[in-house]
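The signal peptide annotation in Swiss-Prot covers 1-24. The feature Cu(2+) binding site is assigned by Swiss-Prot to His25, His115. Swiss-Prot lists Met64, Met67, Met70, His72, Met75 with the feature Cu(+) binding site.
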Amino acid sequence: MLLNRTSFVTLFAAGMLVSALAQAHPKLVSSTPAEGSEGAAPAKIELHFSENLVTQFSGAKLVMTAMPGMEHSPMAVKAAVSGGGDPKTMVITPASPLTAGTYKVDWRAVSSDTHPITGSVTFKVK
């Protein structure tokens, strides 16, 4: 079947719209501390994304997954989650200083396209 010019333009525009929306998903660009890093306890964890975040739909959980010399199930760590100095940053601030161990931040980021993207960042505190 041959497409007339209007049908072709409509299909082309729809394809471009879908492509543009797919590119609008936020991606984690960097984190502080960095994925897999080991160092002193951070006062805060910063996640930097490729897109502006919709803060009311974005969030994170901080979990201690291992502690030196002890076996235990992952333990939730009380922390506040807020926006950073720019709309592409999420800040996780632990309620108390982090002790030695392995930590994981499970994050959920939503940008203007409203599709949630999830991921995690793991780091160790000496």
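Placement of Cβ uses the backbone N, Cα and C atoms for every residue, glycine included.
Note that this is a predicted model, so its numbers are computed, not measured.
Structure with Swiss-Prot features highlighted.
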{"residue": "His25", "record": "Cu(2+) binding site", "DSSP class": "coil"}
{"residue": "Met64", "record": "Cu(+) binding site", "DSSP class": "strand"}
{"residue": "Met70", "record": "Cu(+) binding site", "DSSP class": "strand"}
{"residue": "Met75", "record": "Cu(+) binding site", "DSSP class": "strand"}
{"residue": "His115", "record": "Cu(2+) binding site", "DSSP class": "coil"}
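Ranking the binding-site residues His25, His72, His115 by how many other Cβ atoms lie within 10 angstroms of each Cβ puts His72 at the bottom. Cβ proximity to the Cu(+) site centre (mean Cβ of Met64, Met67, Met70, His72, Met75, cutoff 8 Å) flags the following additional same-chain residues: Thr65, Ala66, Ser73, Pro74, Gly101. Cβ-based neighbour count (10 Å, all protein chains) for Met64 (Cu(+) binding site) stands at 19. Across the fold, the C-alpha of Met75 (Cu(+) binding site) and the C-alpha of His115 (Cu(2+) binding site) stand 28 Å from each other. Shown are the binding-site residues Met67, Met70, Met75; of these, the residue with the fewest other Cβ atoms within 10 Å is Met70.
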